[in-house]
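I have a structure here, written as C-alpha cells, and I will follow up with some questions on it.
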C-alpha cells in the first residue's frame, strides 16, 4: 500500500493543531514583542474548560452534537479568562521592564498553571479521558480520516478565515495592525493600545482553546502536561512561518506537522539513516528543519511582520 | 517595624531549631529505649513509587498495599517490641527523583527496608545508594533482568548489588512468555515491534523479538516512539502498511492506550500485545473500545484467583483505600512482608531487640526469607530474583482485563 497520502494527511492534521496554537504566539509577539511561553498552558486550560462543561455541567449522556458547541464555549471562556488574567496581572506590570523579565514571568506562569491544574482539578494527576465524537472513520481512496479529526478539518480553516476577516476588515483588526506597526504612533492616532493588546491575548487564547478541544477529540485524553511540548512545537511553527505573521503561523504549523509525519515514515528507508528514522526522532527532524529555514531565511517562511517596524 | 520582624524571624528560627533538635533526640531516645524500657522501637519501611503523574494509578496501589502489610503486622504484633510505620516518597517515575528519595531513606536511621520502585530505570539510579548503606530494597515491579543479573545477563550472570531484591519475575522471562503465547496459541506470525526506548520497554521488546524469531515468526517492522507526545498517527500508518497481524509494544499504558487506539483507527485491526506495564485498567480507559482483544502479560497468577490472596483482597477492601491495589498490590504486600519477616528474624536472633547493625542483618535475612505470601511462595534466588516464576496472559474483554492463560515459562529449543 502506498502510505504517502495517508502520511500527508496525518501531518496536515497534526500541523493544523500546531497552527491553531501558533497563532496566539505570533499575535502576541507581533503586538507586544513578548513570547508568551505560557501559551501552551492556555491551550491546556482550554481543553480542561471543555472537559469541565462535559463532565460536570452537562447531564450525563448528552449527545456530542449538543455538547460540542457548549464545550467549545467553555473552552474559549476558560482560556480567554486565563490569558486576559495573565496579561493583566503578569505581563502588563512588566511592560516597560527589560525584555527578559516578562519572558521569565511567562515561564513561571507556565509552570504555575500546570501545577494548579495538577493540584486542584479533580483526578488530573494522571490523564483524564475526553469525550469523543461517535461514528466510524471516513475513507476517501486509501486515506482514512477519524471522526475526532473532522473537528480539526472543519475548525482550522474556519478559524483562519475568521481571523483573516477580523484583522483585515474590522476596525479593531486595523487597530491591531496599526499597533503592530508602531504602538506610539497608533496611540497618537487614537488607537487604544491597551485594549488592542488585551484583544490580541484573548483572540490567541480562543484559537488555543479550539486547538485544545481538537486535541481532546483526537486523542481521547488530556492531561496537565499536554501544553508543554505542544506549546514548544507551536512556538517553533510560529518562528518557522515568520513570527508576528498570522498566515505564517498556520503555514509553519502545517510544514512542521508534515515534516514530523514524513520523517517518521521515510527517513529510516534512506540507506544509513535507519537509526534516525523512528518516531522518537521526529522532534529532532522538526528542529533540524527549523534551523535550516532560519539559516537560509532568517525571517521565516512568510517573513516577520515586525521587521518593518522602524 | 524592622526590629519587630527581626525578632519574629529570630523566634521562628529558634523554634525551628528546637523542633529539629527535638526530632533528633526523639530518634536517639527511641533507639536507647529498646534496651531499657523495651517495646518502643519503631521501624520504618520506606516506599518509593510514582505517586503522581501518568503512572500514579500503579504507584498508589503499591503504597496502599505496603501500608496494609504494615498495619497487619502491627495489629498482629507480629514482631514483638517493634512498631512498623511507612514513609512513602514520590519518584514521579524519574530516576533523579528516585535517587534523591533513596538518599533521604538512607539518612533516616529508622528505615530498615524500602519497597519500590515501580520503574526499572528508577531502580538503576537507586541501587548503589542503598547498597552503600547496606539498606535492603525489595521491588514489587522491576522486571529488567540487568538489575539482578548484571548488564551482561545474557552471557554471564553476575549480581551487581547484594541489597536489591524483587518479587516480580524478569523480562527475560516475560518477553519470551508473551512470544510463545502470541506465536503458538494466538497463531500470529507477523509482528510489528514498538518500544519507548526506556530501560523497561526496550528490554522487553528485545527479549520478545528474540524468542518470536526463534519460534519462526517474522518481524515486519520496528519503531521507537517518543513517550512525551500523544500523536502516533504516523507510526499507526506504518503498522497498517506493513501488513503485520500483531503489534508488540514495550512500554507503559499512558502511551500504549493511545497507541492501540490510533493503530486501530488507522485501519490495522490487529491486537496490541504488551507486558505488565500496560496491564492496568487505565490502559483500557485510554484506548477505549479499540482495546478489545489486546493482550498483556503480567507476573504471577491473577491475585483474585489465588486462595492466598483472598485475605489480601478482603483486607484491602476493609482498609478503605481510595485507589485500587492495581497490578502490583499483591507483590507490594509480599515485598513489605519479606522485610517484616527479616526484621522479625533479626530481632528474634538478637534477644528481642534490634542490633546496632540492623540494616546489614536485615539485608542478609531477606536473602533467606521463605513464606507463603499473597502471590504464592515468596523466596529469592542467588541473584535476588523471585523464585516464583509464574506468569499470566491477560486479554481485554468487555472493557476489563480477563486472565487468558497462566503458566510458568519453559524456554524453547
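Backbone N, Cα and C define each Cβ position, glycine as well.
Residues or ranges marked as transmembrane segment by TrEMBL: A:12-35, A:42-58, A:64-86, A:98-121, A:150-168, A:196-217, A:237-259, A:280-296.
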For the transmembrane segment (A:196-217) against the transmembrane segment (A:98-121), do we get 3 or more Cβ-Cβ pairs below 8 Å once near-sequence pairs (under 6 apart) are dropped?
no
With pairs closer than 6 in sequence left out, are the transmembrane segment (A:237-259) and the transmembrane segment (A:42-58) joined by 3 or more CB pairs under 8 Å?
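Answer no, regions not in contact.
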Using a Cβ-Cβ cut-off of under 8 Å, list the residues of the same chain that are 6+ residues beyond the ends of the transmembrane segment (A:12-35) and lie near it.
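Contacts with the transmembrane segment (A:12-35): 42-43, 83, 91, 95, 99, 102-103, 106, 145, 149, 152-153, 155-156, 159-160, 163, 176, 179-180, 183, 196-197, 200-201, 203-205, 207-208, 210-211, 214-215, 218, 230-231, 233-235, 237-238, 241, 243-246, 248-258, 260-261, 305-306.
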Who are the chain neighbours of the transmembrane segment (A:150-168) in space, where the CB to CB distance is under 8 Å and they lie at least 6 residues beyond its ends?
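That would be 13, 16-17, 19-20, 23, 68, 133, 138, 174, 176-177, 203, 207, 210, 213-214, 217-218, 246-247, 250.
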For the transmembrane segment (A:280-296), which stretch among A:64-86, A:98-121, A:237-259 has the most Cβ pairs under 8 A?
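Going through each listed stretch, the top one turns out to be A:237-259.
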Could you tell me what the rest of the chain brings near the transmembrane segment (A:64-86), counting residues at least six beyond its ends with Cβ under 8 Å?
24, 36, 38-39, 41-43, 45-54, 57-58, 109, 113, 131-134, 151, 198, 201-202, 204-206, 208-210, 212-213
